[in-house]
Amino acid sequence: MKKLITIKKYLPHILLLVIILFNFFLYRGEFKVLSDPNDNTFHSALIDEAKQIWGQVFRGKLSPAYLLDSWNERWAEGFSLSYYYSHLPEAAISLLSFIIPFPTFKLFVIIRTILLILLPISFFLGARILGFSPGFGLIFAFFSQAIFTDGLYGLDSPSFLWRGWGLFSQLLAVSVLPIAFAYGISFLKDKKNLGKAILFNFLLAQSHFGMFYLLLFAYPVFWMFNLEKWKETGKRILVFLFLLIISLSYFIFPFFLTSQYRNFSLWDPIWKFNSWGLNQIIIWLANGDLFDFNRFPFLTIFVIGGVLWGLVSGNKFHRYLVTIFGLYFILFLGRDILGPLVNLIPGMSEYHLHRVIVMVQFVGLLLASGWLFNLLKLLTKRKNLILIALVIGLGFYSIYLIEKPIINYVKDNDVWITRSNLDYQKNINDYQVITNKLKELPPARVYAGRPGNWGRNFKIGDTQIYMALSSDGFPIIGFLPQSWSPNSDAEQFFDEENPKHYDLYNVGYLVLPTDKKPPQFVELIIKKGRFSLYEVKSEGWFTLGKSSLEVMTEKTNLVNIVHLWFYSPMFENKNYPVIALNDEKFTFVNQTIKMYGQNSFNENIPIWRENPMFGNQEKFEQKLVNKIEKYLPQSYGVIFRIDGKCNNCVVVLKQTFHPNWEIAVNGKKQKTFPVFPFFIGVQLNGPGDYQITASYKPSGLKVFLLILSILVFIVVWLNKKS
């Protein structure tokens, strides 16, 4: 009898282990990945970038502050990506690669695969922390493994697998989400686990700030379901949110204070920002595709049943879950329903609303688990052995039907991984000959096609060459894994047949398929296998131009006027208009215009009718004489001479403008400003010899806020101890 009681007690844990072992068997093929075709390439590049910074820090060449805020020049003419993007996971993995004797990419593959395999444990623990039984936790864990969509960016495996989207940051976030939510509720409800609540919510934010931001909406709602202690609950919510904001202040405040230097791309699909709309989402819910793609809608039925059960339940927490499910579902419907109201929520005007599906599915599965567990409890109370046996039999058959489409998906995934690995192994030596040669050459950007042309099919394994090159540390043009750099949209106007575009972006090298005819103005360096490396003559990272026009504008109104500039006499004459995002006045320009929307300026004059870029242009003949460039980690230097007076002259560094760049001219700090397309400009008018150093400096505000938050938590901890 005691053995039966012991088995019953540990049965949920045994079955959880079975789920994990099944996951290990199911996803074992992921361990074999040699190259990625999806978003994991981006994260692999970030890990490599962080490893390089760690190396520079260990050698004493960079301050540890660069781990918080550094310049990433691999895409879109450079961008301070760690300033705006959660980066702790990549920094941690790269540090781990110094300790564990695995290649960095292999370590990344192992970590992300283990996270996927162990994901149900997080859901089980989340349920247990919330106070639910092990049986409830087991159901929640199983549902987290069993959910399946047609790649809707949700909780399901197509979001994470090699064949799918490769959303590593979301996988990390989903691994932390149940525990972060559970500890948060534990503190609000019982004033327990504040430290753990702060820690896991902090880790959630570092994994994926967008997921953390969505979870924040759930905490204030809890107050409405604890009104008998409204004052105490309200105080806890405020304390919890305050400490969370303090812990993340070094990230949050700089993120919003410099948002004008973070692009809002017009090239991203509109459904990412607006979500899918009422009609499409209701169709997916009704036919099961939101939880049960390509199978009978088992989970969908349990989710809908869980919502209805929660509504009639006398349990306040169940009603709370129904409320936040409704909140997230309405938000997931997007601008089709909410319209401009979304913009009233801080930070949501540029948010990808289609990602709210994660919270819809998370809370939905929590409700579904509650209803199913309640049904099973009612069943076991009847003690009808025949009925119980029948339900168990149907349960196993249902599990088979639930898992079948997932198994089929993963089978194809494994076949494609094997095929990709064979191609990778066949061509990797030839590819490395090209990359080794690139490392020997002076640094410049590399062009290897883009997703919209021949570059899409130019691969090693199933990884496009432009993706592979950026992962291997080369600055490229033509591929944007993120579109936050203000140069992202204008880069799409790059013409691979125009030598002046190569010079504009300092594209010094082309990597082409051997069967593709190169442009006439390039010179072959080396051919190996399917790869050809060519050189293009370019001025380098610095150039001399002039700025006779100032464009006062908002960041979202730049794209068309910059497009016109590309094909105007100004561009041909090296005339770089100054960009004034904050209505600054520049006295050295000849003309100032103000953009009204994307297509009009000044008194609502259409730019297509009276193009301000087509004024009379005096030929610009000044050059940088005896120029010598120098590249250092997080900085560029140049020595040159200017002969003669140079009116409206600017020296342009072909990196994306950001206020964290510091320019010293002959040892004195000089004011910088953005110039078209969104490069760094500094004014120089007089003749003479010059030495310019451009360095990216980590944000002092970030460092200050990080130190302040650490001090605050030390004080809180000491007060708690005393």
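Heads up, residue numbers simply count up from 1 along the chain you see.
Here the Cβ of each residue, glycine as well, is placed from N, Cα and C on the backbone.
Annotated in TrEMBL:
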TRANSMEM  10-27  transmembrane segment
TRANSMEM  109-130  transmembrane segment
TRANSMEM  136-155  transmembrane segment
TRANSMEM  167-186  transmembrane segment
TRANSMEM  198-225  transmembrane segment
TRANSMEM  237-257  transmembrane segment
TRANSMEM  296-313  transmembrane segment
TRANSMEM  320-341  transmembrane segment
TRANSMEM  353-373  transmembrane segment
TRANSMEM  385-402  transmembrane segment
TRANSMEM  700-718  transmembrane segment
Taking contact to mean 3 or more CB pairs closer than 8 A (sequence separation of 6 or more), are the transmembrane segment (353-373) and the transmembrane segment (296-313) in contact? yes
Any chance the transmembrane segment (198-225) and the transmembrane segment (320-341) have 3 or more Cβ pairs under 8 A, given the pairs are 6 or more apart in sequence? yes
With the greatest number of Cβ pairs under 8 Å to the transmembrane segment (700-718), the stretch among 136-155, 167-186, 237-257 is 237-257
Under 8 Å Cβ-Cβ from the transmembrane segment (167-186), and at least six residues away from its ends along the same chain, one finds 39-40, 43, 86, 89, 112, 115-116, 118-119, 122-123, 125-130, 140, 153, 155, 159-160, 192-193, 196-197, 200-201, 203-204, 207-208, 211-212, 215, 218-219, 222, 240, 355, 358, 362
